[in-house]
Amino acid sequence: MADLSNTKLNYVTFNQDHSCLAVATSRGFRIYHTDPFSKIFNSDEGNVTIIEMLFSTSLVAMVRSPRHLVIQNTKRGSIICDLTFPTAVLAVRLNRKTLAVVLEEEIYVYDIGNMALKHTIATSPNPNAIFALSPMSDRSYIAYPMPKPREDQGERRPAHAPPLSEYVPPTSGALMVFDTTAGKAVNVIEAHKMPLCCIALNHEGTKVATASERGTIVRVHSVPEGHKLFEFRRGTIPSTIYNMSFNLSSTLLCVSSSSETVHIFRLASAQNANAGGAGPAALETPGSPRANRWSRSKSIDGSEYSPSGDSDSSPRGETPEAGPSGPSAARRQSGTFGSMLRRSSQIVSRSVAGAVVPYLPQSVAEMWEPQRDFASVKIPKPTNAGDALLGPCL
């Protein structure tokens with residue numbers, strides 16, 4: 001990717017089966033094979049802000065100007081469709097039957113076979129394009145934050161004022177699941193207490209992962225039933241979740257956030273994990289690096305323990321960074337009396353939870369002890385943070 005050294009990156013994303021990588025730049029776009037890594041297509045025509053592929057086909061969807069979407073056949077070099085929208089295009093997703101285009105207050109759903117508009121979905125203001133489309137067309141679901149109707153209809157507004165939108169920003173973490181084949185909403189999942197920050201559907205469209213604005217808890221529900229399957233603890237410090245992605249077999253979930261750490265969670269039941277020696281007891285044996293991480297976790301002033309919701313309740317923090325050694329570092333590690341007291345309290349809380357949780361029903365136990373990641377990676381901070389929008393992280 002040396003040819004991108006002097007080019008501004010606008011958008012980076014994998015295709016639906018992660019076999020290709022598409023890169024949108026200020027000078028066209030590039031498409032790469034991931035295994036083995038090699039460039040398979042290059043275009044230097046104009047500024048491309050968003051690009052999405054349709055599996056490994058030659059069909060790509062591109063945004064070149066804020067309200068302008070182009071569907072192009074890269075093999076023939078021809079434009080298949082040219083669409084203009086009333087407001088800026090914030091996100092685009094495709095599967096073999098559906099094209100979904102996200103605006104700030106609407107989602108346009110097209111039949112990809114003939115590019116006919118099938119549905120227009122009104123949403124709450126969604127400037128961050130929080131939304132997901134399942135890659136498989138057999139179970140074609142769209143997931144997005146549940147719209148909140150406006151209670152104040154603005155009766156006292158002056159006549160010359162523009163009309164108010166139908167919905168207001170959501171105040172809860174409810175998730176709407178829309179079936180694009182049936183053309184209707186099929187379920188509302190109460191995923192979090194706080195508004196949603198990130199949504200991801202797995203390859204088959206049977207699971208949905210969600211994170212709230214707090215970013216400490218990640219939950220996985222079944223689709224369309226809405227049963228909670230997993231609950232994971234990303235960390236204790238609130239953070240913005242940028243992306244989540246399932247692997248193709250839906251056994252792993254990758255989460256990236258503003259903490260500059262990528263967490264990988266294993267989607268396995270507690271019984272299976274313990275049977276395979278990968279449960280919490282096996283992973284966090286005394287003296288292990290993960291167990292030692294507990295004692296080095298960062299404390300939060302004024303935090304309170306709450307066994308449910310998205311509260312900052314877990315004693316576990318982010319992966320510690322390697323710092324300088326010496327007397328000053330030793331003083332920082334020892335901390336104040338207050339931090340030592342908090343660490344002692346956390347250790348006692350963990351001991352109590354470890355003794356009590358095995359005797360509780362599973363639904364209650366997971367509230368006390370959400371599953372942790374089994375791997376995490378600390379990534380370097382980019383020189384120009386925010387220059388590129390990133391697609392799925394796995």
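Cβ atoms are placed via backbone N, Cα and C, with glycine included.
If you check Swiss-Prot, you get these features:
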type	residues	note
REPEAT	4-42	repeat 'WD 1'
REGION	146-165	region 'Disordered'
COMPBIAS	148-158	compositional bias 'Basic and acidic residues'
REPEAT	191-231	repeat 'WD 2'
MOTIF	232-236	motif 'L/FRRG motif'
REPEAT	236-275	repeat 'WD 3'
REGION	274-342	region 'Disordered'
COMPBIAS	302-312	compositional bias 'Low complexity'
COMPBIAS	331-342	compositional bias 'Polar residues'
Non-local residues, at least 6 beyond the ends, that sit with Cβ under 8 Å of the region 'Disordered' (146-165)
105, 122-125, 171-172, 174-176, 188
Taking DSSP H, G, I as helix and E, B as strand, the repeat 'WD 2' (191-231) contains 0 helix, 24 strand, 17 coil
Counting only residues at least 6 beyond its ends, the same-chain positions whose CB falls under 8 A of a CB in the repeat 'WD 2' (191-231) are 16-17, 128, 130-136, 138-141, 143-145, 169-175, 177, 179, 237-246, 248, 250, 253, 255, 257-258, 265, 267, 309-312, 314, 366-367, 370-371, 392
When the region 'Disordered' (146-165) is classified with DSSP, how many of its residues are helical, how many are strand and how many are coil?
0 helix, 2 strand, 18 coil
Across the motif 'L/FRRG motif' (232-236), what is the average pLDDT of the model, as a whole number?
90
